[in-house]
Amino acid sequence: MTVFRFLIRVIRVIRKIPTGQGFLVVWQFPPSCTSLSHPNESCRHAVACYVIAISSLINKPGDRKLAFERAYNWAASHVNEVPRWLEEAKNNVDVPYHPQVGFLKIGLTHAFRHLLLGTDYVDAIQETLEGGGDTDTNACIVGGLIGAASGAESIPDEMQQAVLNCDTLQGSHPRPDFLHSVQLPDITKRLLAKNPI
């Protein structure tokens, strides 16, 4: 799964959340959206936990413990391996970044581990990149959750500008228009608006 596909799934899910329905409704959308391209049950449940945590952080900014508890409680009520991944995060288990490069468990476990440790954005991203493996995917997963926990202001301007000014038309496989990062500020405002269009 590419970083952009993961982000698009999360954005699609968040956009579909009915206004005023609370975080409990959030879990209903990730499994159905994720199953369109990745039918693995653990993947669907991992994405649900990720979205539940981010939804919690949007509603209760900075409350990392509550975000983890909500995600874990939902996961624990479903029979699969994701609760064990979250327990590893809670116990600060050193989950290796390889040899299982690309395994969603790696990025998810490290994201929730940093969430509970209170790691700041830059340190979480740096540790994730230094771990090796599927660095862009893992950093995306970690960065999304820690960014939600810390707020956009915690992301250094030079890191924000590198993403916002990235020329996605360069390279041998240019990205389609709907994936151009220059749209992120507008998309973010619409997603966080009370009545998104």
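Any Cβ shown, glycine's included, is placed from N, Cα and C.
Remember, TrEMBL labels are computer predictions, not curated facts.
According to TrEMBL, the protein has these features:
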BINDING   D134, D136, T137  Mg(2+) binding site
For D134 (Mg(2+) binding site), what is the secondary structure state per DSSP, taken as helix, strand or coil? coil
Counting all other Cβ atoms within 10 Å across every protein chain shown, which of the binding-site residues D134, D136 scores highest? D134
Let's check the environment of T137 (Mg(2+) binding site): how many other CB atoms sit within 10 Å of its CB? 21
